[in-house]
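What TrEMBL lists as domain 'ABC transmembrane type-1' is B:76-265. According to TrEMBL, the feature transmembrane segment maps to B:12-37, B:75-99, B:111-132, B:144-165, B:186-205, B:246-265.
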Amino acid sequence: MIKRFLYSQKVAPYVFVLPFVLVFAIFWVYPLLSSFQMSFQQITLGQDSSFVGLDNYSKLLTDTVFLKAVVNSAVYMVLTLVILIPFPMLFAVLINNRLMWGREFFKSSFFFPALTSVVVAGTIFRLMFGEMEGSLINSVLGLFGLEPVKFLKGQTTGFIALLSLATWRWTGVNMLYFLSGLKSIPDDYYEAASIDGASSFQKFTRITMPLLKPVTIYVLTISIYAGLAMFIESMMLWNGNNSPKNIGLTIVGYLYRQGIEKNNLGYAAAVGIVLLLITMIINLTQLAFTGLFKKED
Amino acid sequence: MSVTRKERVVRICLVVLFTILCFFVLVPFYAVTISAFKPGEELIRYGLNLRFDLNVMSLDNFVYLFTGDHAYFTWFFNSLLLTVVQVVLTLLISATVAYGFSAYDFRGKNFLFICVLLIMMVPFEILLLPLYKLIFNIGLMNSYSAIVLPGIASAATIFFFRQYLSGLPKELIAAGRVDGATEYGIYVRLILPIMKPSFAAMAILNGMNSWNNFLWPFMVLSNEGKYTLPIGLKTLLTPYGNNYDLLIVGSFFSILPIFLLFIAFQKYFIDGMTAGAVKG
């Protein structure tokens, strides 16, 4: 009887999707709900917790270190968007030009950095941006007669290192996204535009950019997410979660510091909820503006 | 088609531009490769640089890596084992779920699929603490199950497989039923073989993510014997240690396998990576 029930066409689909339902319930819904609950509590692992209402949140509002982390994450996100969307798009269009030589070679080379783990990539960049005059970046500056810079000790220079790392790792990947989008644009459009006497620039703004919109929205969405959730890059660059005057501290870094390093789980959970809200608000606004919610034709 | 003079200029400009860009992309790899042949003190004294100096370069680091008394290869094999287990489980389970979504119409299907998409939009990082607490409470700390389980029904992988299966003719399933196969028999005997090509792309993407995965395993694992490669490498980087020789040659050696895989299976890396970007 049980076998007959499980094998029926009505029940089978549920058996197929059951693993997802279980994983979703145990590892997403439950933690998410417990995160909300934790954010209203004072918790130390292994001890009793107590309910403190909105205390964690009101403390966050006046926490200058948290504010610093939010500003850092936001600045990082905006700058990665400014760098990692237009340039990869431009490179994709250029490399896709029929006159281009060695396309496959360049595509692969650009992709290489994405193969490295953040740990390895972060270590490489930490050593390249080292403060000694012999380290890579400073020795290049030396060629121009410039004094060695202590990159990881200053706000602006630290961010330069952080953004170089992000640019290095993701330019190639984003370029591939745009390239796969370009593949789906029929050549006829460009031919027709040529007959009408359109310039290359006009073709780019009137045909390429609008038709790349779905890819652009996708890249924008994942970049917002990745920018706001960045943590390990900073951790690797500064060899730990403590950077001088918190110049590299991010929201997740602060969550980690409060939750894991200081065992202050309730407060850290509140940080997580704020991050969730920021991410959702920015992404949903972005998606509403760029028109994902409009019914496609 | 002959190339005009103007087109030749465009071609040269493009190639020059991309060669310069490519140079910047590859410089860090060059630096880490030659540094793997240099003594650790040189790294401490001068940082990572491009000096190619055969006088200071030797195979010492490699000898140390392969013979020295350290846990490097334990970490390496842990990573390998974890990656294989994670990829096999994630692929099988995600494919099964994706088949359920694509082959049937059932109550709650749309709601569940929205949940799949939702996972792709919630930063995993905010779940770190409650998950940490959950794993702590059920006693799975310092175990590989704690690393594997949360990811076995991977939203991105389900999404990719569902897209792939959406092109599948429904007649195939109907024909299977006519031949007397059970619902599960159809999946195992008819559908899984058809899905093989799409497995390659997802195996590589999941494998790459798993091999490089850091934060969550870092939080769960506390026993050095269980560390994976990225965690092991991270621990070599201490403010006091002078493990730079092992760190740099170890980093070099951790990129190598994935690098060789990439060269062999380029197409699958790229397919897996760009799967979500273009809506089919």
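Each residue, glycine too, has its Cβ placed from N, Cα and C.
Note: TrEMBL annotation is automatic and uncurated.
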Message: I need to check the long-range neighbours of the transmembrane segment (B:75-99): which residues 6 or more away from its ends have a CB within less than 8 Å of a CB in the stretch?
response: 144, 147-148, 151-154, 157-162, 164-165, 187, 191-192, 195, 199, 202-203, 206-207, 210-211, 217, 226-233, 253-254
Recorded stretch, among B:144-165, B:186-205, B:246-265, maximising Cβ pairs under 8 Å relative to the transmembrane segment (B:111-132): B:144-165
- request: Could you give the residue numbers and ranges of same-chain residues that sit at least 6 residues beyond the transmembrane segment (B:246-265) on either side and whose C-beta is under 8 angstroms from one of its C-beta atoms?
  value: 29, 32-33, 35-36, 38, 40, 43, 61-62, 64-65, 68, 70, 72, 76, 200, 204, 207-208, 211-212, 229-230, 232-233, 236-237
- request: Using a Cβ cut-off of under 8 Å, list the residues of the same chain at least 6 residues beyond the transmembrane segment (B:12-37) that approach it.
  value: 43, 48-52, 57-59, 61-62, 248-249, 251-253, 255
